[in-house]
Structures are given as structure tokens and as C-alpha cells.
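Peer 1: Attaching a single structure in C-alpha cells format; questions to follow.
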Amino acid sequence: MTLLGTALRPAATRVMLLGAGELGKEVAIECQRLGIEVIAVDRYPDAPAMHVAHRSHVINMLDGEALRHVITEEKPHYIVPEIEAIATDTLRELEGEGLNVVPCARATQLTMNREGIRRLAAEELGLPTSTYRFADSEASFHDAVAAVGFPCIVKPVMSSSGKGQSFIRSAEQLAQAWEYAQQGGRAGAGRVIVEGVVKFDFEITLLTVSAVDGVHFCAPVGHRQQDGDYRESWQPQQMSELALKRAQEIARHVVLALGGHGLFGVELFVCGDEVIFSEVSPRPHDTGMVTLISQDLSEFALHVRAFLGMPVGAIRQYGPAASAVILPQLTSQNVTFDNVHAAVGAGVQVRLFGKPEIDGSRRLGVALATGENVEEAVIRAKKAASRVTVKG
């Protein structure tokens, strides 16, 4: 039984978001729909989710003492990490003291770096993955590349959005790739993973919900990546029945091994009927923003329903849909959006995130579209995104 209090009253149910970007903003909105009190935390002020939260705090979430202080002050009933760069040791301590970390502290810790989740998937669960080696020095990095072979990919074990990642074709690239990986790690220089290149037809994100009434799957989400970030996503991605069954089996194994209730973004490579595990995020996934228009319950609504202990029941997918990012390049602390009226229409929506500033290239919004088929939906979403003019 789920008992929900009313925000700003003595019996309020309080949710603290650790990470207040565009994904956290949608989670906050879903919490608001249920009258939940929302506290948004991030490393910079005026982050998107702070606009729709009851209160907000600006801290370095990798600082365990600062994290413990704000959690002790606010006394949330649910702590919901929305990014990886968090002092997960502190979350495990707090969970041990009786606090509720979503989906659980172990999941946030294992998925914070690529080594934890890769060893769980490949070595404990025996799931198919790319070949890989880990290295923590330049010498061991050279050994790892020799073991994996060319071509290969090097990534910091702790990074996101393609930071520090290189595609290596020859030995001449090794020194530069090592240096770039050391600069791109989320917590500074350190350990890297060297991965063999997987031959695949396409990548999917299988949004998987672990809830009180079992494990549920959204229709597979296809996506296109560029420079480490997604540019378009679409649902449903067409694939064979056997490949879909195998993808669901892998996702089920992973989320049950991680534990807890919530939505997980399970990333997989698909080649014919074969499926290979890539990564998993124990939270809503950026490629899953397409579900804001493609499903009766978005990935954000599903996440909230699951971690509150409510049953999911079933997920209704409306039909072909797509998302395309609005990714301008400029420098401004006073961003404006022009021509939005020309972007929206029947079956086409726009979401603007409300990020306070931009310095270079930054994702500031997303266009959402439906279509007769996936190809048409992608074209409509891209056209809508291109019509929005960002100024500053």
C-alpha cells in the first residue's frame, strides 16, 4: 500500500532529485502530479528541475559530507539519483541507516563506473558483451590494447556523453587516446576500459521497469549517436521476435541483479537475432524522451510509479514516434527561442528545458513527433527541431 502525503504539509511525501537536468525535470513534474514535495539538487543554480521543484540546493554531489548534510536537512522519503557523478559510498551509508535510495544504492554504485556494471554483466551474469580489458596506467593501457586488438575503443570508466572516448585504429593513436581519456573522466584522471568493436546492425535502449508487479518492458527505442550524444531516437525499433526476446531476457537479468524498483535504460547492440549487452542506467534515459509522445506512461511516469511502490499494470505504446534534439552552439546567459510556432503542429511537440546558460554546444530542447511509420516520425521531429532558432 502506498500512502502519499500532500506537499508542504506536515505529512508530505518528499522526493529529492540528485541531478536537476532535463530528465530530472520530467521526474519532478510527474511527482508534482501526485502532490509530492520535490527537492532538486545540482552543482549549478537554476537547473531545469529546480524550476518545478518546491526547493533547491546547489552542492558538489561528489562531496560526501555536503551530500549527507543536505539529505539530513531535508529528510527525503525517496532519494532519486538522476546523474552518475554522486558520492555513492555516502548513498550506501545512508541506505544502511534506513533511507530509501532509488532504485537502490548498490545499483547507483555499480553503474557509476563502467567496470562495476561490465564485471556484473559479463563475469557474474554471463551475458554476452564486447571483449574488454581495464587499465590504470599508460603501460597497462598498451597491454590492454594489445590483448583486445585493433580497432578498439577506449573510455574512462567514469564518464558520460562521449567525454574522453576515442576510436583507435592504430598504435600511432595510443598516446593521444590515453591523454584524452585521462582528461575526460568524470572524477579526473584514472582507470579506463578498452573495448573491442562490436559488429551490429543497430543499437537499442530497452526501457525496463522493475516494479511491485514484476518486470515490464517498453517497446525498443532505436537511436542515432554522434560525438557521444544521441541526436534522434525512435520507437518502436523494428527487430526480429527472437532478438526482442533475447533483449528482454538480458534486460530482466540485469535489472533483477541490480535490485530495487524503478526504470532502467538498458543499452544493447543488435546484429540479426544476436543481442549484446552494452550498458545500463538505473534511471530514465535521454533516448527515452520519445516516450513523452509515444506512450500512455512516459519513462518518467513509469519511474515514479515504480519507486513509489505502485503497480505498472501495462504500458500502452501509441505507434511510430520520434525525438530529435535541439542542439545549438553559442555562448549566452540569456537564451531565447524563436520560431517555435513553426515547429509545432498536429502530432508534433517541442520541449524546451530552461537551461540557464550555454557555452559552446548544449542540448537545450527536444522535438517530438508521431508519424505513419518510424521514418516519417524521424523526419518530422528533425524538421521541427531545425525550425527552432536559438539566440542569445
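Glycine is no exception: its Cβ is also placed from the backbone N, Cα and C atoms.
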Peer 1: What does Swiss-Prot list, out of ASP143, ASP273, ASP286, as binding the same N(1)-(5-phospho-beta-D-ribosyl)glycinamide as GLU22, LEU23, GLU82, LYS355, ARG362, ARG363?
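Peer 2: Looking at ASP143, ASP273, ASP286, the one Swiss-Prot places in the N(1)-(5-phospho-beta-D-ribosyl)glycinamide site next to GLU22, LEU23, GLU82, LYS355, ARG362, ARG363 is ASP286.
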Peer 1: If H, G and I count as helix, E and B as strand, and all else as coil, what does DSSP give for GLU195 (ATP binding site)?
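Peer 2: SS state of GLU195 (ATP binding site) = strand.
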Peer 1: Just to verify: the residue among GLY162, GLY164 with the fewest other Cβ atoms within 10 Å, which of the binding-site residues is it?
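Peer 2: Ranked by other Cβ atoms within 10 Å, the binding-site residues GLY162, GLY164 bottom out at GLY162.
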Peer 1: Express the distance between the Cα positions of ARG114 (ATP binding site) and ARG362 (N(1)-(5-phospho-beta-D-ribosyl)glycinamide binding site) as a whole number of Å.
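Peer 2: Distance between the two Cα atoms comes out at 24 Å.
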Peer 1: Counting other Cβ atoms within 10 Å of each Cβ, which of the binding-site residues LEU23, VAL197 scores lowest?
Peer 2: VAL197
Peer 1: GLU22 (N(1)-(5-phospho-beta-D-ribosyl)glycinamide binding site) has how many other Cβ neighbours within 10 Å of its own Cβ?
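Peer 2: For GLU22 (N(1)-(5-phospho-beta-D-ribosyl)glycinamide binding site), the count of other Cβ atoms within 10 Å is 22.
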Peer 1: Give the helix, strand or coil assignment DSSP yields for LYS355 (N(1)-(5-phospho-beta-D-ribosyl)glycinamide binding site).
Peer 2: coil
Peer 1: What is the average pLDDT across the domain 'ATP-grasp' (119-308)?
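Peer 2: PLDDT averaged over the stretch: 95.
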